[in-house]
Amino acid sequence: MKPSIQLRLLPSTRCLFDEPVQLKVAGLRSRQVVTIKATSTDEREVVFGSSATYRADDGGEVDLNRDPSLNGSYVGVQPMGLLQSLKADTLHKYFFKNKALKPHVVKFSVHEQEADGRILAEETNERFLMGDGVSRDPIKEGNIRGVLFTPPGEGPFPAVLDLGTFMSEKRACLLANKGFLVLTIAVFSDRQNMKEIHLDPFKEAVDFLRHHPKVGPVGVGIISRSKGTDIALSLAAFVPGVEALVWINGTSASVGTPLYYKKQQILSPLMFDFSKVITTKSGANLIKYATDDPLEEKNKGSLVPIERAKSQFLFVAAEDDLNWDSKDYMDEMVERLKRCGKENFETVFYPGAGHLLEPPYGPFCSSALHGMLSFSVVWGGEPRAHAAAEIHLWKKIQEFFRTHLSCDAAQAKANL
């Protein structure tokens, strides 16, 4: 490495997971062409990497906020492109970063374009999931199995239930950094218990948050994606205290499993027709068209009666969701609410985005093993459009919850 060449990460080499950093290289020759690489290892010890080629300006500097990538994992001006384009060497790998206590570590390096590609400079970015003062507490109370993230201070805080298909702490602790008290739980604790779902444990989680001493007088918010959305909708429809619900790329029916509440079946399962699964050239499967139509007469018992809910809804659908037709499900629910004279919803539609909308600046995943199935599936999305959608959505989610879960919102509702 040449000591005169510097790779800087601004404003710091340490930041939160959902914060951007600016990469700048100085000390290069005028108009020198270099390759910048990024590598990171996920929680399953899978190594992901990306690279992009840049040309320095007349002063020998490269600024990723300003300069376009000439080729590599992406092209054009994409300040966080090296992070968002991280990929494993093998196909259909999702970057697992679901535990909050350890940071997402990314190693950046600048390489000579000519000769042996020797390293000219290196730097490491530590991207923390938990901010200063946020506490993490595993919860085992009654039927609740989850993790509670609490912001620093006495509160009261707006409360959010993060309902994932499988357990993940990432989104929950990042929301806690923003001032929300968040309990994260999973629809499925393992892959062995997928024959039926009972709503009662999820009601316990809602009640846990409602009665928490640091939670304000407003009801609970819920955020969910994919399979978690039909459980979230059912909580809003059948359980009191759900004030605001974020639905991301989900369904309007109980998919794959019957739903029980108070020892009675309340929703029948909307099933899959596996003969409609299409295998793509990459080996991953397209399952978007394999889910039965919930509007067919035989399937209407699977529809969640969201018209019963008193919650505010934020429906989020991606145009290129290849897991299922989330846009159609969103449109159907909106029409149903309108027919009932309700206006308790907002919608957001993201052209070019895929199924796995997550907090921003993580690696884009176009295909991976499906958690509920035994094969890999395509998730969809154009990388650049998907990344832009994640940045916009992350801000929208926070604004939505602050609007409907604040103490001011409680007072306004009481005055009506």
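Glycine residues also receive a Cβ, built from the backbone N, Cα and C atoms like all the rest.
TrEMBL annotations: computationally assigned, not manually curated.
The domain 'BAAT/Acyl-CoA thioester hydrolase C-terminal' feature in TrEMBL is assigned to 197-406. For the domain 'BAAT/Acyl-CoA thioester hydrolase C-terminal' (197-406), the mean pLDDT of the prediction comes to 97.
What TrEMBL lists as active site, charge relay system is Ser226 (among others). When other Cβ atoms within 10 Å of the Cβ of Ser226 (active site, charge relay system) are tallied across all protein chains shown, the result is 26.
The C-beta environment of Asp321 (active site, charge relay system), restricted to residues of the same chain at least 6 apart in sequence and closer than 8 Å, consists of Asn249, Lys288, Lys327, Ala353, Gly354, His355, Trp379, Gly380. Per TrEMBL, active site, charge relay system is recorded for Asp321 (among others).
All protein chains considered, the CB of His355 (active site, charge relay system) has 25 other CB atoms within 10 Å. The active site, charge relay system annotation in TrEMBL covers His355 (among others).
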